[in-house]
Structure formats: structure tokens, C-alpha cells
């Protein structure tokens with residue numbers, strides 16, 4: 001039993017040695033019995049042998065005999081005791097046999113326990129290896145942790161400083177931005193309220209304008225329908241003109257044939273030259289009259305100043321929208337210190353507001369202009385219509401008067417009447433070739449019967465020319481030759497035939513036809529014999545023409561006096577039937593003209609009153625406008641010490657107040673207004689609110705209105721014409737010859753004026769078309785302005801969306817800052833939690849170290865117990881058995897505990913083996929040179945970390961994860977070999993101690 005160690009402390013290689021002590025234990029009782037028998041035989045041999053001894057020895061022996069006796073007694077006692085001991089030994093041997101069986105069973109159990117202990121030893125070795133590697137790793141990790149904590153502390157201090165600086169800077173910046181944004185938000189809210197009100201007003205105005213545009217479009221559609229009607233009428237008129245041209249061509253051919261037959265080309269050329277000179281004179285007169293009528297029309301229509309002003313306004317509008325940078329630069333230079341503090345959104349909003357205001361002003365001004373132009377057009381159309389109707393009626397009446405006057409004068413002046421009747425017969429005979437024209441259409445597109453007589457001036461001109469020629473022809477001396485008389489008649493025929501060709505315009509030819517139709521209508525309506533008179537007159541004219549032709553053809557050798565007398569006689573024969581009828585028509589026409597003249601005078605008075613009221617209202621509006629626009633300028637002049645503008649304003653207001661009473665005239669008011677405009681233009685500092693783009697237009701418009709009304713009130717051509725007609729009627733009633741001549745002259749003048757008026761009417765129509773085109777351009781401008789309004793509204797909405805985006809971005813920044821604060825708090829909590837976990841892990845490592853030390857102490861105790869048990873012999877066997885059983889139980893408990901610990905440590909070891917990094921392998925390979933004992937001694941010192949540092953410094957979760965993964969990484973093969981060698985040394989030293 002001496003050489004046997006504890007089975008749980010022995011290696012698998014010591015199994016052979018453990019079997020020998022077991023055999024010794026089984027043979028111990030047999031050896032003890034043989035030893036006792038040998039001792040008894042030796043004592044018997046000693047008693048039989050005798051030896052001679054001395055006295056000393058005998059005495060000594062006697063003494064010894066006593067002692068021997070005593071010893072024999074003792075031996076007997078001992079024998080008895082031996083017998084008792086033998087009996088006891090036998091009983092004990094039986095017990096020993098039983099114990100041997102039990103020991104065999106125990107040995108088998110011990111062997112099983114040995115195998116289990118070997119497995120446990122191996123597991124312990126692996127666990128100790130893992131512990132050693134973990135301790136080495138922990139030491140390295142502690143070093144790394146110290147470095148990391150130091151670096152983290154440094155980084156954290158730097159980051160804390162940076163964070164504090166950044167937080168201070170951001171808080172100050174945030175406060176500034178917040179204050180600025182609050183101010184801007186307030187301003188923008190006010191601007192939005194204003195913009196909302198402006199937008200509401202604009203929407204209302206746009207709705208009104210859209211309604212107005214719808215009305216204008218309806219009117220335009222009506223006008224287009226009227227234009228189509230006019231086109232159809234024009235086509236019909238063109239057809240009539242083509243027919244008339246054909247007739248003219250035929251007539252010209254006939255005239256050429258007659259000229260060739262009579263061989264009078266030289267004389268006709270001279271006469272044509274004379275006519276050309278007269279025509280030049282007439283053209284000069286007509287041009288003068290045209291200039292006069294143009295002046296009158298300029299007074300009625302917008303003048304060239306107003307048209308130029310409108311063109312300038314349109315050009316200024318284009319410049320404003322194409323290049324608004326100048327105004328922006330001026331405003332930026334004026335408000336430089338404010339513009340630096342404003343953001344781009346404010347600039348955009350201000351620009352949008354300015355553009356909106358400007359566009360609204362422009363649209364209002366354009367609407368006012370359009371309304372005024374429409375009013376002017378309607379007024380001019382009405383006036384033209386009235387003048388057309390009146391002129392048509394007067395033309396018809398004058399035509400009838402002319403015919404009656406010719407017939408009336410025939411009785412008194414026979415030769416004159418003969419020649420005049422001849423010319424009229426020729427002209428009327430020529431006129432029958434022309435077909436009647438279609439009724440004309442007025443400017444407004446309405447067909448009227450009265451307007452069909454617009455075309456009268458051409459016929460009046462023809463008759464005037466014929467009459468002049470006839471008068472000239474009749475005034476020649478009777479002593480002229482037959483050739484001169486033929487020249488006169490040829491001249492009459494040329495005038496009758498070539499007048500439409502000389503006019504060279506479709507309007508004059510159609511006018512002649514229309515005037516003839518109007519005269520025929522009025523004469524037919526006024527007379528009781530509608531168609532018979534015209535037929536009889538035509539027959540008489542044809543008969544007269546045939547007789548005159550016969551006279552010229554048959555009487556070639558007769559003198560001129562006889563030819564004239566024959567023609568005169570033939571005319572007098574045919575005259576008697578128509579004198580009575582003409583006189584009746586004359587008195588009817590005079591009554592009608594008087595009534596018409598009275599009506600016209602009443603209407604003129606009413607028009608004058610309305611014009612005077614309009615003038616007073618316009619002057620009052622101008623006065624109010626000038627006062628409102630020159631307040632700031634007067635204040636600035638008062639500050640500068642110059643009060644000229646205030647004085648001129650006072651003079652202007654006094655002249656305006658005196659104007660309704662008649663103390664001051666309209667020219668005085670306009671002079672004062674011009675002075676104010678000059679003073680306003682001299683102000684170069686820009687303080688005057690009469691801005692060029694928004695205020696000049698109404699002033700010029702009002703000035704044009706006032707001047708137009710003033711000129712219209714000063715001139716009235718219709719009144720003059722009707723005064724002339726009144727004078728003519730009075731002269732007709734008197735019945736004097738001189739008055740008749742003057743009346744004829746006046747009638748001729750009226751015809752000329754009427755022709756000029758017709759020309760001016762055509763020009764007015766052209767002007768009307770141009771004004772319509774201008775109105776269309778203005779409508780296009782309004783559409784452009786509306787599109788620009790919509791674009792400005794889009795810009796405003798974009799600016800509002802940008803503002804909303806900015807506010808939302810600031811809100812998101814607030815939320816992001818709050819999230820960052822929450823993240824910082826969560827990171828601090830995580831650092832605290834990681835520190836707590838670190839402390840718990842440290843305590844766990846300390847507990848494992850304490851357990852390892854306890855196991856080492858237990859192993860040492862077991863070794864000492866084995867040494868003690870080997871020194872003792874048989875008496876200590878029972879104690880050894882008892883202690884062995886106790887130790888077995890304790891060993892089983894420890895095995896159970898170790899198995900539990902191994903199960904708890906096994907997943908950690910697997911994780912460590914899996915997640916080992918190559919860097920930590922290299923570090924542990926370097927650290928493998930250190931002994932395990934030193935590592936075990938250093939472990940408690942490694943895990944001591946100052947709590948203040950760990951509390952102060954926050955650990956990044958990524959860093960913590962890296963540290964955790966590095967702490968849990970597995971060891972390499974070299975580390976395993978190193979730790980197996982260390983454990984082999986450790987257990988070999990223990991086995992040596994147990995062998996001792």
C-alpha cells in the first residue's frame with residue numbers, strides 16, 4: 001500500500017503499478033501467521049542449549065530469570081492474549097476476507113473512478129489550458145483595455161471639448177438663426193396676409209376682366225359676322241364696279257371713235273390741258289379742305305400726341321419686362337444695408353409683389369384706355385351715322401333743289417337754260433347705262449336705307465363740272481365759229497363720259513350710282529306719280545338728244561346763231577310740261593329742311609350741355625389726380641425751401657374752381673397743368689410720385705380727353721353746314737336771282753365739302769380699322785400681362801414652398817438635435833451598463849481564480865494524505881479505508897461539480913475557439929514565454945481597474961464589441977502545446993510528491 005497513490009490522482013500509465021499493491025493487500029494476513037510460528041520455534045531452540053557463564057552473568061542471569069519468569073508470566077499472558085488475538089484474528093480474517101471482497105469491489109469502483117478521474121483530469125487539463133489561455137488573453141486584453149481606456153479617455157476628453165465648443169457655437173448660432181427666422185416668419189406672415197388680400201383683389205379683378213373679355217369676344221364675334229356681311233357687300237360692289245368699268249370702257253371707246261371721226265384731237269388736247277390745270281387747282285382746294293377736315297377729325301379722335309404716348313407706353317412696357325435689372329439695381333443700391341441681411345426668399349417675394357402690383361396697375365390702365373377708346377368709337381360711330389343720315393337727306397333734297405333751280409332759271413335765261421338742259425340731258429342719258437348699287441353698310445355693321453345716299457358727292461361733282469362747262473360755254477360770244485361750238489359740246493360729252501374714268505376709284509362711281517338711287521327714292525316717295533315721271537323725263541331727254549344731234553348733222557352750212565336758236569327752241573318746247581311739278585317739289589323740300597334744321601339745333605344744344613358737363617367732370621378728376629400725386633413732391637420742396645410747386649398747385653386749384661362759373665377758360669387750366677408738369681419733370685431727386693411707368697399715362701389721357709372735348713366744343717362742322725342750308729332755304733324763299741346764284745354757288749361748295757367729307761369718311765374708316773388693330777394688340781398685351789401675372793403668382797407660390805421647406809428643414813434639424821441628445825444619453829447608459837458587465841466579469845474571473853486555488857489546495861492535501869497513509873501500516877488501514885470512502889464521496893461530489901462547471905464553461909470555450917483573431921494569436925504567442933504561475937499571480941492585478949475612469953469615459957459600442965470579440969477569441973495550436981507542457985510539469989511534480 002506504500003507505493004499506491006490515490007486513484008483520482010494517478011495517470012493512465014500507473015495502472016500496472018496500482019495492481020501490485022492490491023495483491024500485497026490480499027496476502028497480508030498469511031504473512032503475519034507464518035512470522036509468528038517462526039518466532040516460537042526460535043524460542044524453543046534457545047531453551048535446549050546450555051552454556052557456562054560467570055557469576056556476574058549468573059547473577060545477571062538470575063536476575064534475568066526473575067525477569068524471564070516475569071516474562072514467561074507475561075508470555076503466558078501474551079499467549080492467552082495471542083489465542084485471544086488468534087481468535088480475534090480469525091474473526092478479523094473473515095472480516096478481512098469480507099473486506100477484501102469489499103475492497104475488490106471498491107477497487108473495481110476505484111478503477112472506474114480512476115477512468116472517470118482520468119477523463120476528468122483530461123477535461124481539467126483542457127479546462128486549465130483554457131483558463132490559462134483565457135488568463136493570458138485576459139492579461140493581454142487588460143493591457144489592451146488599459147490602452148483602449150486611455151485612448152478612449154483622451155478621445156472622450158477631446159470629443160467633450162469639441163462637443164462643448166460645437167454646442168456653444170451651435171447654440172449661439174441657433175439662437176441667432178432662431179431670432180432671425182422668427183422675425184422673418186413674422187414679416188413673411190404679414191407679407192402673406194398682404195399677398196392673400198392682394199391675390200383676392202386680383203382674383204376679383206381677373207374675374208371681372210374675364211367677364212369683360214367674354215363680352216368683348218361676343219362683340220368681336222358679332223363684328224366678325226358684320227365684317228363677313230360687309231365682305232359679301234364688297235364683293236357685290238366689286239361686281240357692280242366691274243360692270244361699270246366695262247360700261248366706262250365702252251363709253252370711252254365711243255368717245256375715241258367720235259374724236260377720230262371729227263378730227264379734233266388738237267383742240268381736245270388743249271382743252272384737256274386746261275382741264276388739267278383746273279383739276280390741279282381743284283385738287284389744291286380739295287387738299288386744303290382735307291387738311292381742314294383732318295384737323296376737325298383730330299379734334300374728335302385721339303390726337304397724334306396721344307397715339308405717340310400710347311406707343312411710348314407700349315415700348316416702355318416691353319423694356320420694363322425685358323430688362324428689370326435697372327430698377328432692381330437702384331432699389332438694391334438704395335437699400336444696401338437692408339439687402340445684406342435678407343435671404344434670397346425675401347428678394348423673390350419682394351420682386352413678385354412688385355411685379356404683381358405693377359401688372360395690376362398696367363391692367364387697370366389698359367382697361368381704362370380700352371373703355372375710353374370704346375366710348376370714343378361708339379360716340380364717333382353715332383356721330384358718323386347721324387351725319388350720314390343727315391347728309392343723305394340733304395343730298396337728296398339738294399339734288400331735287402338743283403333740278404328745280406335749273407328748270408326755274410330756264411324761264412329767265414333762255415340761252416343759259418338751253419345749254420344747261422343740254423348738258424343735263426347728256427349726263428342723264430349717260431347715267432342710264434349704270435345699274436343701281438347695293439345699299440351701303442355703316443361702320444357698326446347695320447344696314448340702313450339712309451346710308452345708301454352716301455355716294456352722292458360723285459354725281460354732284462359730275463353735275464357741277466357739267467354746269468360749269470355749260471355756263472362757260474354759254475358765256476362765250478355769239479360771234480365764235482361753228483368749230484368752237486362743237487368744241488363746247490365735245491367738252492360736255494367728254495366730261496360726262498370721262499368723269500368716272502378720271503375719278504379712278506370704285507367708291508366715286510358707286511357713290512354716283514347710290515346718290516342717283518337716293519334721289520330717285522326720295523323723289524318717288526314725295527311725289528304722287530311714282531314711275532310715270534321718270535319714264536316721261538327719260539323719253540323727253542332722249543328726244544332732246546336726238547333733235548340736237550340732227551341739228552348738228554343736217555345744218556352744216558348754217559351759222560352758229562341759228563343752231564343755238566334751234567336747240568333753244570327744242571328745249572323750250574319740252575320744258576313746259578315739267579315746270580309745275582318742279583315748283584311743287586321745291587316748297588316741300590324747303591319745309592322739311594327748316595324742320596330738320598330746328599331739330600339739329602336742339603340736338604346741338606343738348607350735345608353742348610353734355611360736353612360741358614363732361615369737361616367739368618374731367619377737369620375735376622384731373623385736379624383730384626394732380627393733388628393726390630404731388631403731395632410727396634410738395635413736402636420735399638417745402639423741406640428744401642422751394643415752394644414753386646405748391647404755388648402752381650394753388651393757382652391750378654383756383655383756376656379749376658373758377659372754370660364752372662366761366663371766370664377762367666379751359667386754356668388757363670391747361671396752362672397751369674403744363675406748369676405743374678414742367679416743375680415735376682425738373683425734380684431730379686426721384687421724390688415725386690408721378691412715376692414714369694404708372695402715373696404719366698392717366699395724366700396724358702386726361703389731357704387728351706380735355707383737349708378733345710375742348711376742340712369739339714369749339715368746332716362743329718355740321719352746324720355750319722346746316723346754317724348754310726338754312727341760308728339757302730331763306731334765299732330760295734325770297735326768290736331773287738342774285739340769291740339763286742349765290743345759292744347755286746353754296747350748293748356747289750356743299751357738294752365739294754360733301755365729297756371731302758366722303759373722302760374723310762373713308763379715311764376715318766381706315767383709322768377705325770387701325771384702331772381696331774391697335775385694340776387687338778392691346779388685348780394681346782393684356783393676355784401677356786395676364787400670363788406674366790400667372791408666372792408671378794407661380795413664383796410667389798414657389799417662394800412660399802421654399803419658405804415652408806426652410807421651416808420644415810429647421811424643424812427636422814430640431815428633431816435631429818433631440819435625437820442626437822437621446823443617442824448621447826443612450827450611449828451613456830450603455831457605457832454604464834458595459835461598466836457593470838465588466839465589473840461582473842471581473843468578479844467572475846476572481847471567483848474562478850479562487851476556485852482554482854481551492855482545487856490546488858485540495859490536491860496538495862490529497863497528496864499529503866497519500867504520503868501519511870503510505871507511512872502507516874496495518875493499523876491505519878481501517879482509517880485509510882474510511883478516509884478513502886469519504887474521499888471517494890468527496891471526489892464524486894467534486895466530479896459532479898466539475899462536470900457542471902465544464903458544462904457551463906463548454907459554450908464559452910467553443911465561442912473562444914471560434915472567434916479568435918490572428919492578431920490575438922500573435923500576441924498570445926509572444927505572451928506564451930511567460931510561465932503559467934506568473935500569469936496566475938498577475939491575474940488579480942490585471943483585473944484591478946480604477947472605477948472612476950471607467951465611469952467617466954464612455955465606450956463606443958463598436959469598440960466594446962471589438963474588445964469583447966478579441967477577449968473571446970480562441971488560442972492557436974502553439975498555445976495549446978505550451979499549456980499542455982505546463983500542465984504536464986504541474987501534474988508530474990504532484991506525482992513525484994505522492995511517490996515520496
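Glycine is treated like the rest: Cβ placed from N, Cα and C.
The range from 301-339, 340-378, 496-534 that Swiss-Prot describes as region 'Disordered' is residues 496-534. Between the stretches 557-578, 579-600, 601-622, 623-644, Swiss-Prot puts its coiled coil entry on 601-622. In summary, the coiled coil (133-248) lies against the coiled coil (359-387): three or more C-beta pairs, each 6 or more positions apart in sequence, are under 8 Å.
For the coiled coil (876-906), the predicted model reports an average pLDDT of 71. The listed stretches are 59-94, 359-387, 601-622; of these, 359-387 has the most Cβ pairs under 8 Å to the coiled coil (737-841).
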